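Novice: I have a structure here, written as C-alpha coordinates, and I will follow up with some questions on it.
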(Lines of atoms letter the chains of each structure in order from A; the text may use other names.)
(Lines give C-alpha, C1' and ligand atoms only; values in the text may rest on other atoms or scores of the structure.)
Protein backbone atom coordinates (compact mmCIF):
# COMPACT_ATOMS: atom_id res chain seq x y z
CA UNK A 1 0.00 0.00 0.00
CA UNK A 2 1.53 3.37 -1.00
CA UNK A 3 2.16 5.94 1.71
CA UNK A 4 -0.65 8.50 2.03
CA UNK A 5 -0.08 12.09 1.03
CA UNK A 6 -0.06 14.06 4.28
CA UNK A 7 -0.49 17.80 4.83
CA UNK A 8 0.39 19.28 8.22
CA UNK A 9 -1.60 22.20 9.63
CA UNK A 10 -0.20 23.71 12.82
CA UNK A 11 -2.52 25.93 14.85
CA UNK A 12 -0.32 28.79 16.07
CA UNK A 13 -2.81 31.61 16.56
CA UNK A 14 -3.02 31.52 20.35
CA UNK A 15 -2.51 34.81 22.20
CA UNK A 16 -1.04 33.11 25.28
CA UNK A 17 -2.38 35.63 27.79
CA UNK A 18 -1.58 33.38 30.78
CA UNK A 19 2.12 33.58 29.84
CA UNK A 20 2.20 37.38 30.06
CA UNK A 21 4.48 39.33 30.01
CA UNK A 22 6.40 36.79 27.90
CA UNK A 23 3.70 37.14 25.23
CA UNK A 24 3.51 40.94 25.33
CA UNK A 25 5.42 41.19 22.04
CA UNK A 26 5.23 37.68 20.60
CA UNK A 27 2.79 34.85 19.94
CA UNK A 28 2.80 32.00 22.43
CA UNK A 29 4.43 29.49 20.01
CA UNK A 30 7.35 31.93 19.59
CA UNK A 31 8.22 31.98 23.32
CA UNK A 32 11.81 30.75 23.86
CA UNK A 33 12.36 27.44 25.65
CA UNK A 34 15.34 25.35 26.70
CA UNK A 35 18.00 27.93 25.88
CA UNK A 36 17.99 27.65 22.08
CA UNK A 37 14.46 26.73 21.02
CA UNK A 38 11.04 28.25 20.47
CA UNK A 39 7.94 26.34 21.56
CA UNK A 40 6.90 25.78 17.95
CA UNK A 41 10.16 23.92 17.26
CA UNK A 42 8.82 20.86 19.12
CA UNK A 43 5.78 20.20 16.93
CA UNK A 44 7.65 21.09 13.74
CA UNK A 45 10.50 18.75 14.70
CA UNK A 46 8.02 15.92 15.27
CA UNK A 47 6.43 16.42 11.86
CA UNK A 48 9.69 16.88 9.96
CA UNK A 49 11.43 13.96 11.70
CA UNK A 50 8.47 11.83 10.59
CA UNK A 51 8.99 12.89 6.98
CA UNK A 52 5.95 15.16 6.79
CA UNK A 53 7.53 18.04 4.89
CA UNK A 54 4.52 20.05 3.68
CA UNK A 55 3.38 22.13 6.62
CA UNK A 56 1.35 25.34 6.94
CA UNK A 57 1.51 27.21 10.25
CA UNK A 58 -1.68 29.23 10.80
CA UNK A 59 -0.83 32.42 12.70
CA UNK A 60 -2.70 35.45 13.94
CA UNK A 61 -1.68 37.37 17.09
CA UNK A 62 1.64 39.28 17.24
CA UNK A 63 3.11 36.90 14.72
CA UNK A 64 6.15 38.84 13.49
CA UNK A 65 8.83 37.02 15.51
CA UNK A 66 7.10 33.68 14.87
CA UNK A 67 6.91 34.33 11.12
CA UNK A 68 10.57 35.37 11.07
CA UNK A 69 11.65 32.28 12.99
CA UNK A 70 9.74 29.94 10.67
CA UNK A 71 10.98 31.53 7.46
CA UNK A 72 14.63 31.72 8.54
CA UNK A 73 14.82 28.36 10.34
CA UNK A 74 12.40 25.93 8.71
CA UNK A 75 13.50 26.13 5.08
CA UNK A 76 12.64 22.99 3.12
CA UNK A 77 13.76 21.95 -0.36
CA UNK A 78 11.64 23.74 -2.95
CA UNK A 79 12.97 21.37 -5.60
CA UNK A 80 11.09 18.52 -3.93
CA UNK A 81 7.93 20.52 -3.32
CA UNK A 82 8.44 20.68 0.44
CA UNK A 83 7.66 23.69 2.62
CA UNK A 84 7.05 24.97 6.12
CA UNK A 85 5.30 28.30 5.74
CA UNK A 86 3.53 30.72 8.07
CA UNK A 87 0.01 31.62 6.93
CA UNK A 88 -1.58 34.64 8.65
CA UNK A 89 -5.31 35.29 8.56
CA UNK A 90 -6.09 36.01 4.90
CA UNK A 91 -9.67 37.29 5.34
CA UNK A 92 -10.60 35.17 2.33
CA UNK A 93 -14.21 34.84 3.54
CA UNK A 94 -14.72 38.48 4.51
CA UNK A 95 -13.12 41.32 6.48
CA UNK A 96 -12.61 39.43 9.76
CA UNK A 97 -9.93 37.54 11.65
CA UNK A 98 -10.05 33.90 12.71
CA UNK A 99 -13.01 33.34 15.02
CA UNK A 100 -11.63 30.08 16.43
CA UNK A 101 -9.35 27.17 15.58
CA UNK A 102 -11.92 25.56 13.27
CA UNK A 103 -12.55 28.87 11.53
CA UNK A 104 -8.79 29.27 11.03
CA UNK A 105 -8.72 26.04 9.02
CA UNK A 106 -11.99 26.82 7.24
CA UNK A 107 -10.61 30.17 6.09
CA UNK A 108 -7.46 28.37 4.93
CA UNK A 109 -9.10 25.51 3.03
CA UNK A 110 -7.45 26.74 -0.15
CA UNK A 111 -4.24 25.22 1.26
CA UNK A 112 -5.94 21.83 1.47
CA UNK A 113 -7.43 22.09 -2.01
CA UNK A 114 -4.08 23.10 -3.51
CA UNK A 115 -2.12 20.30 -1.83
CA UNK A 116 -4.78 17.59 -2.35
CA UNK A 117 -3.69 15.40 0.59
CA UNK A 118 -5.20 12.09 1.62
CA UNK A 119 -4.68 12.94 5.29
CA UNK A 120 -4.58 16.26 7.14
CA UNK A 121 -2.64 16.30 10.41
CA UNK A 122 -3.82 19.16 12.65
CA UNK A 123 -1.50 19.76 15.60
CA UNK A 124 -1.13 22.47 18.23
CA UNK A 125 1.94 24.69 18.29
CA UNK A 126 2.83 25.22 21.92
CA UNK A 127 3.42 21.95 23.77
CA UNK A 128 6.70 20.33 24.78
CA UNK A 129 6.95 16.67 23.75
CA UNK A 130 8.28 14.15 21.26
CA UNK A 131 5.93 12.13 19.09
CA UNK A 132 6.17 10.05 15.95
CA UNK A 133 2.95 11.05 14.15
CA UNK A 134 3.37 8.27 11.58
CA UNK A 135 2.12 5.78 14.16
CA UNK A 136 -1.02 7.84 14.77
CA UNK A 137 -1.63 8.16 11.02
CA UNK A 138 -1.20 4.39 10.59
CA UNK A 139 -3.81 3.68 13.27
CA UNK A 140 -6.15 6.21 11.68
CA UNK A 141 -5.93 4.49 8.30
CA UNK A 142 -6.40 1.04 9.83
CA UNK A 143 -9.44 2.08 11.87
CA UNK A 144 -11.38 3.76 9.08
CA UNK A 145 -12.30 6.63 11.40
CA UNK A 146 -12.98 10.10 10.07
CA UNK A 147 -10.84 11.69 12.77
CA UNK A 148 -8.38 10.32 15.30
CA UNK A 149 -7.69 12.31 18.47
CA UNK A 150 -4.45 11.92 20.44
CA UNK A 151 -5.21 11.03 24.06
CA UNK A 152 -2.89 11.43 27.04
CA UNK A 153 -3.42 9.13 30.01
CA UNK A 154 -3.76 11.22 33.19
CA UNK A 155 -5.11 10.40 36.68
CA UNK A 156 -8.86 10.95 36.84
CA UNK A 157 -8.34 13.62 39.49
CA UNK A 158 -6.36 15.69 36.96
CA UNK A 159 -8.85 15.21 34.14
CA UNK A 160 -10.98 18.10 35.40
CA UNK A 161 -8.44 20.52 33.88
CA UNK A 162 -8.67 19.09 30.34
CA UNK A 163 -10.99 18.24 27.54
CA UNK A 164 -11.61 14.54 28.26
CA UNK A 165 -12.28 11.65 25.90
CA UNK A 166 -14.80 8.98 26.90
CA UNK A 167 -14.34 5.75 24.97
CA UNK A 168 -16.49 2.75 24.21
CA UNK A 169 -15.60 -0.59 25.83
CA UNK A 170 -13.21 -1.26 22.94
CA UNK A 171 -11.01 1.56 24.30
CA UNK A 172 -10.76 3.21 20.89
CA UNK A 173 -14.12 4.49 19.64
CA UNK A 174 -14.94 7.89 21.15
CA UNK A 175 -18.39 8.02 22.74
CA UNK A 176 -18.20 11.53 24.21
CA UNK A 177 -15.89 14.54 24.28
CA UNK A 178 -16.25 16.29 27.64
CA UNK A 179 -14.87 19.75 28.46
CA UNK A 180 -13.36 19.83 31.99
CA UNK A 181 -15.86 17.36 33.53
CA UNK A 182 -16.37 17.28 37.30
CA UNK A 183 -16.22 13.46 37.26
CA UNK A 184 -13.97 12.30 34.40
CA UNK A 185 -14.74 8.82 33.06
CA UNK A 186 -12.22 6.05 33.64
CA UNK A 187 -10.61 4.00 30.91
CA UNK A 188 -11.60 0.43 30.08
CA UNK A 189 -9.18 -1.71 32.05
CA UNK A 190 -7.76 1.30 33.93
CA UNK A 191 -10.60 2.96 35.84
CA UNK A 192 -8.39 5.45 37.71
CA UNK A 193 -7.05 6.97 34.49
CA UNK A 194 -8.77 9.09 31.86
CA UNK A 195 -7.86 10.31 28.38
CA UNK A 196 -7.05 14.02 28.17
CA UNK A 197 -7.11 15.46 24.68
CA UNK A 198 -3.67 16.61 23.50
CA UNK A 199 -5.16 18.88 20.83
CA UNK A 200 -3.60 16.78 18.05
CA UNK A 201 -5.87 15.40 15.33
CA UNK A 202 -5.55 13.26 12.20
CA UNK A 203 -8.35 13.74 9.66
CA UNK A 204 -9.35 12.06 6.46
CA UNK A 205 -9.45 15.05 4.14
CA UNK A 206 -13.02 14.72 2.92
CA UNK A 207 -14.29 14.33 6.49
CA UNK A 208 -12.46 17.47 7.61
CA UNK A 209 -13.77 19.58 4.73
CA UNK A 210 -17.36 18.43 5.26
CA UNK A 211 -17.23 19.07 9.02
CA UNK A 212 -15.73 22.55 8.57
CA UNK A 213 -18.42 23.53 6.07
CA UNK A 214 -21.21 22.39 8.38
CA UNK A 215 -19.64 24.18 11.33
CA UNK A 216 -19.22 27.42 9.36
CA UNK A 217 -22.95 27.39 8.59
CA UNK A 218 -23.89 26.94 12.27
CA UNK A 219 -24.54 30.39 13.76
CA UNK A 220 -24.47 28.98 17.30
CA UNK A 221 -20.99 27.47 16.93
CA UNK A 222 -17.87 29.08 18.42
CA UNK A 223 -15.91 27.39 15.61
CA UNK A 224 -13.50 25.51 17.84
CA UNK A 225 -11.86 22.20 16.90
CA UNK A 226 -12.24 20.62 20.32
CA UNK A 227 -15.52 22.29 21.21
CA UNK A 228 -17.40 21.87 17.92
CA UNK A 229 -15.72 19.81 15.19
CA UNK A 230 -14.73 16.80 17.31
CA UNK A 231 -18.13 16.54 19.10
CA UNK A 232 -19.84 16.71 15.69
CA UNK A 233 -17.83 13.71 14.47
CA UNK A 234 -18.26 11.89 17.79
CA UNK A 235 -22.03 12.16 17.30
CA UNK A 236 -21.55 10.54 13.89
CA UNK A 237 -19.48 7.75 15.51
CA UNK A 238 -16.63 8.75 13.20
CA UNK A 239 -14.04 9.55 15.90
CA UNK A 240 -11.37 7.34 17.45
CA UNK A 241 -8.71 7.92 20.11
CA UNK A 242 -4.98 7.30 19.74
CA UNK A 243 -3.30 6.29 23.00
CA UNK A 244 -0.16 8.44 23.21
CA UNK A 245 1.32 5.98 25.72
CA UNK A 246 1.85 3.56 22.84
CA UNK A 247 3.86 6.00 20.75
CA UNK A 248 7.48 4.84 20.51
CA UNK A 249 9.96 7.51 19.41
CA UNK A 250 13.46 6.39 18.39
CA UNK A 251 16.05 7.10 21.06
CA UNK A 252 13.64 7.80 23.90
CA UNK A 253 14.34 6.62 27.43
CA UNK A 254 11.89 4.92 29.77
CA UNK A 255 11.59 8.20 31.69
CA UNK A 256 10.66 10.46 28.80
CA UNK A 257 8.44 8.07 26.89
CA UNK A 258 4.95 9.55 26.96
CA UNK A 259 6.22 12.96 28.12
CA UNK A 260 3.90 15.84 27.15
CA UNK A 261 3.62 19.21 28.83
CA UNK A 262 1.18 22.05 28.36
CA UNK A 263 3.31 25.09 29.22
CA UNK A 264 0.49 27.60 28.97
CA UNK A 265 1.04 29.20 32.38
CA UNK A 266 4.12 30.85 33.86
CA UNK A 267 4.43 28.14 36.50
CA UNK A 268 4.07 25.18 34.12
CA UNK A 269 6.50 26.84 31.69
CA UNK A 270 9.04 27.43 34.45
CA UNK A 271 8.67 23.91 35.87
CA UNK A 272 9.30 22.35 32.45
CA UNK A 273 12.44 24.45 32.04
CA UNK A 274 13.73 23.49 35.49
CA UNK A 275 13.24 19.80 34.65
CA UNK A 276 15.84 20.22 31.90
CA UNK A 277 18.39 21.22 34.56
CA UNK A 278 17.80 18.17 36.77
CA UNK A 279 20.45 15.50 37.25
CA UNK A 280 18.17 13.04 35.46
CA UNK A 281 15.61 15.13 33.56
CA UNK A 282 12.34 13.52 32.51
CA UNK A 283 12.57 15.09 29.05
CA UNK A 284 15.84 14.32 27.28
CA UNK A 285 16.93 17.16 24.99
CA UNK A 286 19.94 15.12 23.87
CA UNK A 287 18.14 12.46 21.82
CA UNK A 288 20.09 12.43 18.54
CA UNK A 289 17.75 9.92 16.92
CA UNK A 290 14.78 12.30 17.11
CA UNK A 291 16.36 15.75 17.50
CA UNK A 292 14.55 18.93 18.35
CA UNK A 293 15.56 21.13 15.43
CA UNK A 294 16.15 24.87 15.38
CA UNK A 295 18.55 27.49 14.04
CA UNK A 296 21.71 28.11 16.06
CA UNK A 297 22.97 31.71 16.29
CA UNK A 298 26.50 32.35 15.02
CA UNK A 299 28.08 33.00 18.39
CA UNK A 300 31.29 31.69 19.97
CA UNK A 301 31.22 28.90 22.57
CA UNK A 302 30.29 29.64 26.18
CA UNK A 303 33.10 30.98 28.34
CA UNK A 304 33.76 30.65 32.08
CA UNK A 305 36.17 33.20 33.55
CA UNK A 306 38.04 33.05 36.86
CA UNK A 307 41.25 34.54 38.20
CA UNK A 308 41.52 32.65 41.48
CA UNK A 309 39.38 31.30 44.29
CA UNK A 310 37.87 34.71 45.04
CA UNK A 311 36.42 35.20 41.54
CA UNK A 312 35.42 31.96 39.83
CA UNK A 313 32.87 31.61 37.04
CA UNK A 314 30.81 28.44 37.61
CA UNK A 315 27.57 26.86 36.42
CA UNK A 316 26.10 23.80 38.15
CA UNK A 317 23.09 21.75 36.97
CA UNK A 318 22.41 24.35 34.30
CA UNK A 319 21.94 24.72 30.55
CA UNK A 320 24.45 27.23 29.16
CA UNK A 321 24.03 28.27 25.52
CA UNK A 322 26.59 29.54 23.06
CA UNK A 323 27.78 33.11 23.46
CA UNK A 324 27.29 33.06 27.24
CA UNK A 325 30.05 34.51 29.44
CA UNK A 326 30.05 33.67 33.14
CA UNK A 327 32.71 36.07 34.33
CA UNK A 328 33.33 35.25 37.96
CA UNK A 329 29.66 34.73 38.81
CA UNK A 330 27.80 31.65 40.06
CA UNK A 331 24.92 29.97 38.22
CA UNK A 332 22.85 27.15 39.73
CA UNK A 333 19.90 25.21 38.30
CA UNK A 334 19.25 27.73 35.55
CA UNK A 335 18.70 27.98 31.79
CA UNK A 336 20.84 30.57 30.00
CA UNK A 337 20.05 31.54 26.41
CA UNK A 338 22.63 32.84 23.91
CA UNK A 339 24.52 36.02 24.68
CA UNK A 340 23.84 36.12 28.43
CA UNK A 341 26.53 37.64 30.64
CA UNK A 342 26.86 36.98 34.37
CA UNK A 343 29.37 39.33 35.97
CA UNK A 344 31.73 38.88 38.91
CA UNK A 345 30.25 37.82 42.26
CA UNK A 346 26.74 37.76 40.82
CA UNK A 347 24.43 34.86 41.77
CA UNK A 348 21.83 33.33 39.45
CA UNK A 349 19.77 30.56 41.05
CA UNK A 350 16.73 28.62 39.78
CA UNK A 351 16.20 31.08 36.94
CA UNK A 352 15.58 31.36 33.20
CA UNK A 353 17.61 34.06 31.43
CA UNK A 354 16.71 34.73 27.80
CA UNK A 355 18.96 36.15 25.10
CA UNK A 356 21.40 38.94 25.95
CA UNK A 357 20.43 39.37 29.60
CA UNK A 358 23.16 41.18 31.55
CA UNK A 359 23.57 40.43 35.26
CA UNK A 360 25.86 43.00 36.86
CA UNK A 361 28.51 42.58 39.54
CA UNK A 362 27.20 41.33 42.85
CA UNK A 363 23.61 41.15 41.60
CA UNK A 364 21.26 38.36 42.74
CA UNK A 365 18.60 36.73 40.54
CA UNK A 366 16.53 33.95 42.08
CA UNK A 367 13.33 32.08 41.12
CA UNK A 368 12.79 34.29 38.09
CA UNK A 369 12.31 34.49 34.33
CA UNK A 370 14.01 37.44 32.64
CA UNK A 371 13.04 38.06 29.02
CA UNK A 372 15.47 39.23 26.34
CA UNK A 373 17.78 42.21 26.89
CA UNK A 374 16.94 42.67 30.58
CA UNK A 375 19.67 44.48 32.54
CA UNK A 376 20.22 43.70 36.22
CA UNK A 377 22.56 46.46 37.46
CA UNK A 378 25.44 45.85 39.85
CA UNK A 379 24.17 44.98 43.32
CA UNK A 380 20.51 44.80 42.29
CA UNK A 381 18.20 41.94 43.27
CA UNK A 382 15.22 40.36 41.55
CA UNK A 383 13.19 37.38 42.74
CA UNK A 384 14.50 37.69 46.30
CA UNK A 385 11.71 39.86 47.76
CA UNK A 386 8.41 39.08 46.00
CA UNK A 387 6.51 41.97 47.57
CA UNK A 388 9.16 44.38 46.32
CA UNK A 389 9.02 42.76 42.88
CA UNK A 390 5.26 43.37 42.73
CA UNK A 391 5.72 46.97 43.90
CA UNK A 392 8.18 47.52 41.04
CA UNK A 393 5.55 46.34 38.56
CA UNK A 394 6.94 42.87 37.83
CA UNK A 395 4.69 39.83 37.46
CA UNK A 396 4.84 37.25 40.27
CA UNK A 397 3.17 33.88 39.58
CA UNK A 398 1.06 31.82 41.97
CA UNK A 399 4.12 29.75 42.85
CA UNK A 400 6.32 32.79 43.40
CA UNK A 401 8.20 33.08 40.10
CA UNK A 402 9.08 36.67 39.20
CA UNK A 403 8.76 37.48 35.49
CA UNK A 404 10.36 40.56 33.91
CA UNK A 405 9.48 41.57 30.36
CA UNK A 406 11.75 42.46 27.45
CA UNK A 407 14.31 45.23 27.68
CA UNK A 408 13.68 46.21 31.30
CA UNK A 409 16.41 47.59 33.54
CA UNK A 410 15.81 46.32 37.07
CA UNK A 411 15.07 49.19 39.45
CA UNK A 412 17.13 49.55 42.62
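Note: Cβ is positioned from N, Cα and C throughout, glycine not excepted.
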Novice: Need a hand: Swiss-Prot gives 179, 180, 197 for alpha-D-glucose 1-phosphate, which of 146, 159, 163 is also on that list?
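Specialist: Among 146, 159, 163, only 163 appears alongside 179, 180, 197 as alpha-D-glucose 1-phosphate-binding in Swiss-Prot.
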Novice: Using a Cβ cut-off under 8 Å and a sequence separation of 6 or more, which residues in the same chain sit near residue 180 (alpha-D-glucose 1-phosphate binding site)?
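Specialist: Expected: 160, 161, 162, 163, 164.
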Novice: Have a look at the binding-site residues (163, 179) and report the one with the fewest Cβ neighbours inside 10 Å.
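Specialist: Counting other Cβ atoms within 10 Å of each of the binding-site residues 163, 179, the minimum falls on 179.
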